[in-house]
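Taken from Swiss-Prot as is:
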TOPO_DOM  1-36  topological domain 'Cytoplasmic'
MOD_RES   Met1  N-acetylmethionine
MOD_RES   Ser9  phosphoserine
TRANSMEM  37-57  transmembrane segment
TOPO_DOM  58-61  topological domain 'Lumenal'
TRANSMEM  62-82  transmembrane segment
TOPO_DOM  83-96  topological domain 'Cytoplasmic'
TRANSMEM  97-117  transmembrane segment
TRANSMEM  121-141  transmembrane segment
TOPO_DOM  142-157  topological domain 'Cytoplasmic'
Amino acid sequence: MDKLKKVLSGQDTEDRSGLSEVVESSSLSWSTRIKGFIVCFALGILCSLLGTLLLWVSRKGLFAVFYTLGNITSIGSTMFLMGPLKQLKRMFEPTRLIATILVLLFFVLTLCSAFLWNKGLALIFCILQSLALTWYSLSYIPYARDAVKKCFAVCLT
């Protein structure tokens with residue numbers, strides 16, 4: 001567990017100055033941070049699903065508000081794991097670059113399809129964006145992606 005804390009907080013790879021340590025530190029315990037991540041991520045997905053259900057309501061603004069709120073909450077949930085500044089720095093690292101781009105791309109495509117194109121296409125983009133967001137979030141937990149890959153490999157064989 002200590003190794004996981006060090007990897008997520010960057011203590012084993014970074015030499016931090018006093019000011020950056022104060023700015024990036026968190027007073028939350030490790031278990032509270034994990035619980036905060038799980039709760040925020042689940043609430044974000046719930047808001048996104050509610051927004052998706054509101055896609056077929058004639059007022060498209062409801063869809064946009066709930067879906068946007070859900071995605072911001074889900075992406076923000078990873079800030080519990082390492083802090084906001086470090087997360088923003090790590091969003092575009094090679095290990096999660098594709099997932100970050102896909103999340104942002106599907107978010108834009110979902111809103112464009114809801115307002116300009118087809119609601120069915122918007123639903124497909126909602127599903128794809130949720131999958132990309134999950135993959136992005138798993139990149140912050142060491143070996144979580146490998147575990148998911150192995151689980152799916154076992155299920156598919």
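Glycine is no exception: its Cβ is also placed from the backbone N, Cα and C atoms.
Worth saying up front: this structure is predicted, and the values here are computed from it rather than measured.
When averaged over the topological domain 'Cytoplasmic' (83-96), pLDDT in the model lands at 82.
Secondary structure by DSSP for the topological domain 'Cytoplasmic' (83-96): 7 helix, 0 strand, 7 coil.
As a summary of secondary structure, the topological domain 'Cytoplasmic' (142-157) carries 13 helix, 0 strand, 3 coil according to DSSP.
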